[in-house]
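Chemist: Please find one structure pasted underneath; my questions will follow.
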Amino acid sequence: MARADIAANGLVPLHSHPRASEVSILLQGALLVGFIDTSNRLFTQLLRPGDSFVFPKGMIHFLYNLDSLAPALVLAGLNSQNPGTQLTSMAAFATNPLLPDEVLKKAFQISGQDVAKIRRKLGG
């Protein structure tokens with residue numbers, strides 16, 4: 001079990017749990033949640049207090065607090081003692097050692113300056 005307090009307009013960024021599915025139950029606030037399946041289809045749901053949502057094992061997902069004034073409170077359960085967490089942006093732009101710029105430029109169709117800018121923002 002994990003508790004997440006998500007600030008007003010806060011975001012739990014795109015991430016995945018390679019070894020677990022996750023169920024999130026919203027206790028307070030309003031959240032837009034979703035995941036992207038392996039065919040790049042987006043599944044989203046607006047959660048109100050008492051609503052729950054299941055994120056399948058290994059799928060990239062997010063939680064976004066739609067309320068600009070109040071925090072959201074969510075409880076999450078994972079079906080593994082060691083679910084692992086991989087932030088999608090960090091996995092691409094803040095690896096150690098760094099992924100070659102050419103790989104990122106081609107993969108995301110961005111410039112070298114964009115790669116550098118994103119890395120600076122992510123601490124990579």
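In case you wondered, yes, glycine gets a Cβ from its N, Cα and C as well.
The domain 'Cupin type-1' annotation in TrEMBL covers 1-116. According to TrEMBL, the Mn(2+) binding site annotation covers His15, His17, Glu22, His61. Among the features that TrEMBL reports, oxalate binding site is placed at His17, Glu22.
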Chemist: Return the average pLDDT for the domain 'Cupin type-1' (1-116) as a whole number.
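Modeler: Taking every residue in the domain 'Cupin type-1' (1-116) and averaging pLDDT yields 97.
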Chemist: Setting His15, His17, Glu22, His61 aside, what same-chain residues sit with their Cβ within 8 Å of the center of the Cβ atoms that define the Mn(2+) site, listed in sequence order?
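Modeler: Not counting the recorded site residues, we get Ser16, Ala20, Phe35, Phe55, Met59, Ile60, Pro83, Thr85.
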Chemist: Just give the helix, strand and coil counts over the domain 'Cupin type-1' (1-116), going by DSSP.
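Modeler: Going by DSSP assignments, the domain 'Cupin type-1' (1-116) contains 19 helix, 49 strand, 48 coil.
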Chemist: Can you tell which of His15, His17, His61 has the least company, meaning the fewest other C-beta atoms within 10 angstroms of its C-beta, among these binding-site residues?
Modeler: His15
